[in-house]
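Before any comments, here is the structure.
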Amino acid sequence: MKQQFISSFSMFILFLHCANTFAQIPAAAPAQAPAVVVASPPAATPTQAAAPHGITNVTKILEKAGHFTIFIRLLRSTQEENHLFSALNDSSTGLTIFAPTDSAFSELKSGTLNTLSDGDKSELVKFHVVPTFLSTSQFQTVSNPLGTWAGTGNRLPLNVTSYPNSVNITTGLTNTSLSGAVYTDNQLAIYKIEKVLLPKDIFASNAPAPAPVAPAPEKPAKAVPSATVESPAASVDISSALFFTHNLVVGSAGLLASAIFSL
């Protein structure tokens, strides 16, 4: 009986010791998740405008710059806005746009745009787009005539001449210069111009034809006296009169001679 009591007591002491030992073991610290490093986006350069989702929107750039209301309206009405959007995101050569200001359109004859067909309006817009990126320095080495979205050829000439402080543009009907850069990066360049570039293909055929030259007045011809032509009857009458006169003279002479001899 005594031995059982000692054995039970010993087991109780051992249980208390084990419980105390486990209680003193510190709990393991929870595993920490690895730190996530978030890279900040690069800052935009001064010549780049912020474009949503990396897409360059020409009309948004022009709206922000101001004074291009009519050109923006043409871009939208001709659907060339969508064409530009696709080209800028698919092309590797970039684009150059000559953007006429509202004052440039105001210099056109009243109602000029209203007289154009939808196709002519689209061609007019395309004539202001060069299918490659051109910086101001590249105008010095570019070959004339420049090709545009409207095409090339004698009916669509677009020539540029670079000077130390300016770039001149001619179409055969328009002569103007770049008046500043609206936007430029390594893919798109938009330059402001103060005259609308008029292609010969549209406006040369619509120009009024020159007035015909009036023929020089003819000098009046000098009057030539008409020759008198005697009729045969008149000739006969005159001959008869001469014959009668001759007989009369001869008869008178005979009578005169007879009178003298009788004396």
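Backbone N, Cα and C atoms are what each Cβ position is placed from, and that goes for glycine too.
TrEMBL lists 1-23 with the feature signal peptide.
If you look up TrEMBL, you'll see 55-197 marked as domain 'FAS1'.
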Tally of DSSP helical, extended and coil residues in the domain 'FAS1' (55-197): 50 helix, 36 strand, 57 coil
Mean per-residue pLDDT computed across the domain 'FAS1' (55-197): 94
